[in-house]
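Note sheet for the following structure.
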Amino acid sequence: MARESQNERQELPETDGTSAERDEPKPLPKKVEKNAADFLIQNRGKREEQQYSQAEKADNQKSWQRFIEPPQRQRAYHHFPHYFYAGFWIRAFAFLVDILCISLISSILLNGILSFVGLKAGGNLTPYGLLSLAIYLGYFVLMTKFTNGQTIGKMIFGIQVVCFKEENLSWATVLVREGACRFILKSGLGLIGYLPAAFTPTKQHLGDFLSDTSVVTLNSIKAYNGVKF
């Protein structure tokens with residue numbers, strides 16, 4: 001029995017420390033905790049590597065500007081109830097008074113020029129016709145601008161030109177309405193452009209539509225604002 005126990009001891013395999021080490025669990029790597037400061041430093045370095053030119057910065061600011069700032073709405077002026085706007089016939093009578101004034105001015109100026117220079121009256125393309133056209137358009141442009149929307153005829157009938165986009169009439173508005181549009185409406189088929197003033201709610205003719213204007217009665221405006229007259 002003693003010999004068998006010795007043989008068993010001899011047959012046992014010899015073990016070294018390597019197998020034990022393999023069986024032991026390896027420790028997990030420690031997690032490196034990142035704080036906010038490390039994150040900012042890391043991203044700051046990335047941003048410094050990517051440099052933008054001044055033109056690129058300006059383009060980026062413009063592209064973001066529409067998201068930052070709300071769209072600006074254009075202010076509206078002189079929007080009144082429909083009965084505040086001057087009707088077709090009162091404007092027609094005011095226009096006839098203006099034509100009489102223009103005829104008087106033209107006769108005085110042109111007769112003086114004709115007698116001094118020796119020009120003869122002629123058609124539209126003659127010097128006489130061009131001077132007549134200049135007096136006609138100049139009367140409406142200058143009177144409307146410097147009286148803020150009135151001519152002699154409009155003063156007599158108590159009406160005034162107003163713009164829906166401007167508090168006071170600008171040169172651009174006056175030149176479009178009283179210059180270009182008045183030239184188109186001067187004669188012939190252009191006179192048809194006055195007819196919409198009889199049917200539209202805001203009493204606008206062709207020149208009013210193109211310049212965004214209309215004509216109001218001053219008495220209605222004064223009553224609306226509580227002004228005694």
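Using the three backbone atoms N, Cα and C, a Cβ is placed for every residue, glycine included.
Bear in mind that TrEMBL entries carry predicted annotations, made automatically and left uncurated.
Under the heading compositional bias 'Basic and acidic residues', TrEMBL lists 1-12, 19-36, 45-60. The feature domain 'RDD' is assigned by TrEMBL to 85-211. The feature region 'Disordered' is assigned by TrEMBL to 1-64. Taken from TrEMBL, the feature transmembrane segment covers 83-105, 125-142.
Each residue in the domain 'RDD' (85-211) gets a DSSP state, and the totals come to 87 helix, 6 strand, 34 coil. In the predicted model, the domain 'RDD' (85-211) has a mean pLDDT of 90.
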